[in-house]
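Q: Pasting the relevant annotations from Swiss-Prot:
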type	residues	note
SIGNAL	1-24	signal peptide
TOPO_DOM	25-464	topological domain 'Extracellular'
CARBOHYD	ASN33	N-linked glycosylation site
CARBOHYD	ASN49	N-linked glycosylation site
CARBOHYD	ASN59	N-linked glycosylation site
CARBOHYD	ASN82	N-linked glycosylation site
CARBOHYD	ASN93	N-linked glycosylation site
TRANSMEM	465-485	transmembrane segment
Amino acid sequence: MFFFSTHLILKILFFWSITRNIFGATYTSLLLNNTINGNINDQSTAYYNLTWEGNTAYNVSLTLSTCTAFDGANDLMLYISNNTFDEALPLDNFTITASENGLATIFVTGYSPLYIAVSSAFSQFAPNFFVESGESTLEGNNVINYELAAGIDTPFSQYNATKFLFAQDTDFQAALLITGNLTTNETSIIPSYEIYVNPSNSTYDNTFNKFSSSFCAFQNNPSTVNTNNADRSMTLRGLGPFAKEQFYLKGLDPNVTYTAYLVEPNIGQPGGTVYPGVTFTTKTSPACQLIYDLQFCSEVAYAVPGNSSLFSASALAEWYDQQAYGYYQNFTYTLDLIPCNATSWSAYSLLKNCSDCANSYKNWLCASVIPRCADINDNSSYLIYKNYDSRYPLIDEVIQPGPYKEVLPCSYLCYSLASSCPLDLGFACPKAGYGLEFSYGEVSNVTGLITCNAPGVEFYESGSALLNISWRTFFISLIFWILFVE
């Protein structure tokens, strides 16, 4: 029994596919630090010679990106040699790579000229080896469009496997996506990122999924929603010291799962970087509306009890923010009566001060007055059904959202508040088994699952990292509570 490596099979297929016309092949010129667009029929090979001036060896990064293709087409193959292929084949003097998800990359150090071949022979329509050369098994417009690029050191097009686009939350017609931390805290300049969004498993999405590593595929194929349909802005919200770009997507359909891809075009040259896709599902009920960029409760970026027939998203955000700020302002008047600048002997705590108290109160207040809203048909055990009995009564009187389910505030917010503020203010938390479960939720250790609400809780944070932060705060607060409050 004989076993053949994929590399050997590619060589055999390449040898078979080009020997029929190798000696009469025409080589198209490709200059270093340039790109060229090409079209190739199924079962065909295209040839290029890469040249540059001088007798200098360069580290050449060669990329082949599939831009558009016919249904059923497999990925292309890329070959490079320092000999013409009629000379290279007998000497086995060439390098091969097969495209993966629409992108093939070869790094090679060499002198001018280098010889390149792009082949479509390795596809599901490849004829039997005993079929007459040049005979095709499929009729029709079997054309693949591609981009071939040759750069120095750094490839023109590349795929970055690090996840960099995250879904924060959705409502029944919108979604909020956010990038990871950028390299600056500058928020006045919006970077050049682009997004492409389609219903998962749709025709458009299947195309992007097949060529999910190819930059030109995103720019050459249609998309249901893209950067032109999104409200783009910058934010400092969330973890990390740097700015992030956020995309507010409108006009989505209820109860639909979407896949979004983030790409970053190069500045000053063709090509760009593609990042992994992210999926999200819009809510079913219009009782939840997505709000973000609040002035006071600035970490709020999630769906809240709403009513789109009475409030736009921006008006709803302003109403909630004003409610929270009004309570906070009154609280500061009371806190001003506390001798915050007292000596350590007369201070209310050796561990906490009035700034800690104010910050803990703000975090607790924003999560309590601005509930996180979930679909009425979501049967998750950590959700609480609300029907004209919202934790903040004015929600039912003014917003009138109708029935919805709430993600309760995290219990550690209450413990932090009680342990950070003077006892004279009277903050107390319900005990487990005596009302805590009906007022507060607990942090989950499942990645991406938000089982309780707190400022800054994000879908993209790993459950373990969030759990560590939350339980550290919880532990310190609980010890204080046991020693000094109960």
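All residue numbers here begin at 1 and follow the chain in the order shown.
Backbone N, Cα and C atoms are what each Cβ position is placed from, and that goes for glycine too.
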Q: Kindly state the mean pLDDT of the topological domain 'Extracellular' (25-464) in the predicted structure.
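A: Mean per-residue confidence for the topological domain 'Extracellular' (25-464): 89 out of 100.
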Q: Spatial neighbours of ASN93 (N-linked glycosylation site) among the glycosylation sites ASN33, ASN49, ASN59, ASN82, defined as Cα within 10 A: which are they?
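A: Qualifying among ASN33, ASN49, ASN59, ASN82: ASN82.
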Q: In whole Å, note down how far the CA of ASN82 (N-linked glycosylation site) lies from the CA of ASN59 (N-linked glycosylation site).
A: 13
Q: In Å, rounded, how far does the Cα of ASN33 (N-linked glycosylation site) sit from the Cα of ASN49 (N-linked glycosylation site)?
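A: With distance taken Cα to Cα, ASN49 (N-linked glycosylation site) is 13 Å from ASN33 (N-linked glycosylation site).
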Q: List every residue in the same chain as ASN49 (N-linked glycosylation site), at least 6 positions away in sequence, whose Cβ is under 8 Å from its Cβ.
A: TYR27, THR28, SER29, LEU30, PRO113, LEU114, TYR115, ILE116
Q: Ranked by the number of other Cβ atoms within 10 Å of their own Cβ, which of the glycosylation sites ASN33, ASN59, ASN82, ASN93 ranks first?
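A: It comes out as ASN82.
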